[in-house]
Each structure stands twice: as structure tokens, then as C-alpha cells.
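K.L.:
Features from TrEMBL:
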ACT_SITE  His98  active site, electrophile
ACT_SITE  Glu170  active site, proton acceptor
BINDING   Asn9, Trp10, Lys11, Gly176, Ser216, Gly237, Gly238  substrate binding site
Amino acid sequence: MRKKIIAGNWKMNMTYDEGQILTSEIVQMAQDEQLKDVILVLNPPFPHLHVVKKLIGGASNVFVGAQNCSDKESGAYTGEVSAPILASFGVSFVIIGHSERREYFEETNELLTEKVKQALAAGLQPIFCCGESLDIREAGTHEPNVKYQLTDSLFELSAEEISKVTIAYEPIWAIGTGKTASAEQAQEMHAAIRKHLAGKYGKEVADSISILYGGSMKPSNAAELLAKPDVDGGLIGGASLKSRDFIDIAKSY
Ligand code: PEP
């Protein structure tokens, strides 16, 4: 059975106090509303990670994740945060290759391979993002484009390594725009991604990998997206900043 994951990407939002309130509300609601079958991952900015981890406490299905990590293990890289540092205080997940990092920080497929390897070596679970721009979608080449992102960044991993990676399919034209891919468009791409993984690693491995959808997911459209057979959860931006919305998305499973 694939893991069902609802991950919140806070991006560069929330003061320290706001982050603590949001975390406490989410943990409390998850407990009160007996949200047990879904894994919740909170991905706040770096300075929040430690306190978010503390506030999660013993909640067995809530985890903390980072939004990025360095492609290097340690050393003189001012301003960077390595995967081993994150792992050393209990961070469990790390988002790698978000389209905003690819675009604004010029992260290449090659660099992302190194980040994924660092994360895996440190025992973190990478949430690897892929997705096409509007131009590519309109040209009808979204499927080969996304497959190429996966091949180029991930296909040198072993079967054991890739089994520890969660994929997030995030069409760039749907991120933060309010424009969601239809459930059919999401299913079509998720199935194509799974088939591509099966072509390289075999059906058993491909069937074990969770593929999340990201792009303006909210309580009103989550149920339809999450009902699709190859959609195993969501990576949520805007709606993860409101505890009620985040929990309602998870509950719509
Ligand atoms: C994201 O940034 O990963 C994302 C999906 O954002 P939003 O939900 O706001 O579209």
C-alpha cells in the first residue's frame, strides 16, 4: 500500500509565533479529528524547523520537513543548510526541486541529483518536484518534458534509493495561480510518471512510490483529485497556511 501524504509547503511565510500557532492547531485538529491514515508533513522555513518538531511531539502521523537542502555534505558554504544538519535534529522530509527553486535559484537537474543523494545519505525522505510550464502544456509536450526531468535527476539512483523518494507532480501553471489541473489531467500525468518509473525500475517499485499532486489544491477540489488512483496525496502551498483548510484537505481522502 502506498503512503498517503499531505505535505504543506509554507514557502517564505509565517513569523516564528505564527508558525507555532499554525503547527499547534494542525497537531490538535489531527488528533481531535482522528486523522490517522494520512501522513501530514509540515515544511516551514528553516528557522521554524526545530520548534515545529518539538510542537509535533509524539503525534505519530505528523512530520517536519525542510523546503531545501544543500547539494554538499558539509564545509565552507555560507548560508547553506546540509541534509545531515537537518537529520541531526529530527527533520524527516525535504522538498527538492520545487519550481520556484528551479526558476529563481537556477537549480538544474544535475544539481538536484546531488541534493537527492545528500538527502538519502542522511536518511531524509526527499519530496522531488517536477512539472511543466504553461508554454510546454500548451505545446502538448508536457509528458516528455516531465519524464525528462525525472530521468535526468533521478534515474541514476538504485531501486532501493528511488523507493525512498516521493514524487510531487506540480504543473507550474497551477502553482499559486488558483488554476488547478483537472482531476483527469492530474491522473493522466501521474499514471504516465508511474509508467515511466516502471520502465526503469519495474512495476513493483513504481507501484510503491507515492506521487503527490501540487497546484492550487484546496478543500473544494481536493476530494476529486485525491480520488484518482495514481494521486497519492498533495503538496499544498497557499492552503497549508490555514490549519482548517490543510486538515480539511487531508480529511477529504
Ligand atoms: C506549491 O508551491 O508547491 C504549491 C502547490 O502551491 P499552491 O498550493 O499555492 O498552488
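Each Cβ is built from the backbone N, Cα and C atoms, and glycine gets one as well.
TrEMBL labels come from automatic prediction, so no person has curated them.
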K.L.:
If the criterion is a C-beta within less than 6 angstroms of any ligand 1 atom, which of the binding-site residues Trp10, Gly176, Ser216 pass it? List them in sequence order.
P.N.:
Gly176, Ser216
K.L.:
Which of the recorded positions Trp10, His98, Gly238 has its Cα nearest to the Cα of Glu170 (active site, proton acceptor)?
P.N.:
His98
K.L.:
Please report the distance from the Cα of Gly176 (substrate binding site) to the Cα of His98 (active site, electrophile), rounded to the nearest angstrom.
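P.N.:
Computed Cα spacing between Gly176 (substrate binding site) and His98 (active site, electrophile) is 13 Å.
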K.L.:
Rounded to a whole number, how many Å is the Cα of His98 (active site, electrophile) away from the Cα of Asn9 (substrate binding site)?
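P.N.:
Asn9 (substrate binding site) has its Cα 10 Å from the Cα of His98 (active site, electrophile).
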K.L.:
Using a 10 Å radius around its CB, how many other CB atoms surround His98 (active site, electrophile)?
P.N.:
27
K.L.:
Under 8 Å Cβ to Cβ from Trp10 (substrate binding site), same chain, six or more residues apart: give me those in sequence order, or none if nothing qualifies.
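P.N.:
Correct list: Gly19, Leu22, Leu42, Asn43, Pro44, Pro45, His48, Gln67, Ser240, Leu241.
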K.L.:
Hey, of the binding-site residues listed (Asn9, Ser216), which one tops the CB count within 10 A?
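P.N.:
Comparing the binding-site residues Asn9, Ser216, the most crowded Cβ belongs to Asn9.
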